[in-house]
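Database features (TrEMBL):
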- 24-259: domain 'NADP-dependent oxidoreductase' (DOMAIN)
- Tyr49: active site, proton donor (ACT_SITE)
- Lys74: site 'Lowers pKa of active site Tyr' (SITE)
- His107: substrate binding site (BINDING)
Amino acid sequence: MKEFVLNNGVKIPAVGLGVFRVEDANIAYETVKMALSVGYRHIDTAMIYGNEEAVGKAIKDSGVPRQDIFLTTKLWNADQRSGEIQDAINSSLKRLDTDYVDLYLIHWPVKETYVSVWKDMEHLYKQGKAQAIGVSNYNPHHLDDLLKEASIVPAVNQIECYPYLTQEDVISYCKSKKIYPQAWGPLGAGKSDILSNPVILALAEKYKKTPAQIVLRWNVERGVIVIPKSVHKERLIENLNITDFELSVDDIAKVSALNKNQRLGSDPETFNF
Ligand code: NAD
């Protein structure tokens, strides 16, 4: 299993399982258990996904020691606005049935609080409730503002990123500050034709891999953590098994050239929830 090392020395598996839109508790439970049984050691959830309890139970029942699993959850916008950050993480930990998460992220840069809430994040990090703290959907200007006030540099910035939205500027900014970029929607979130794009199909043929494996491998080779979502065993295995081949520099560039700045999710500059 390929791992990256965050700016505080904590290791994170390069591929994780995302569980957004897996609201059904039984499906979430079975999916996480199946993922752990086929080798996943990194799970990405969030309070707003409504499945923390199922995720926690699956981890408990999996037989995999808690300390071998990298578990992420996120601080929702309403909890930023209310200022109840301690309550928010305590409730998440309770639902997840664990004493700590490996990574706690600010889910979105809420206009009024995206800087001030970082002090609370630093506090819960010092309490040991999160092994690492980070942000999500932050653009460089949000991070510039945050870094002026921060005593701890965010370990991760989780952003939408797939070959039609390569996010070169955000990624190079993050790397310059030692913030690990992490890609959400790395397969195009089931809303894009990226997996049938002719360039991706040709590379899949060339490397004898699937289109999903090419797209995930492209991000990992750029030093970007990926958290693809699937609830199907074959796809879980396929998405995890991307470490036995390497794309050439030219082929990485071919994938990057597909960029058209096409967002499938909300824009951090205009979201309103
Ligand atoms: P994704 O890019 O992972 O796409 C998932 C979809 O791709 C699946 O529903 C399925 O339709 C398809 N798929 C999965 N494996 C496949 C395969 N091997 N071959 C063909 N098709 C395949 O999209 P996502 O779920 O939106 O993003 C991944 C994770 O990122 C989420 O589950 C969540 O954990 C996280 N996320 C975070 C934010 C954020 O604001 N921080 C927003 C959205 C998602």
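Each residue, glycine too, has its Cβ placed from N, Cα and C.
Here the structure is a predicted model, which means the values were calculated and not measured.
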Neighbouring C-beta atoms (10 Å sphere around the C-beta of the residue listed as 'substrate binding site'):
19
Would you mind giving the whole-number mean pLDDT across the domain 'NADP-dependent oxidoreductase' (24-259)?
98
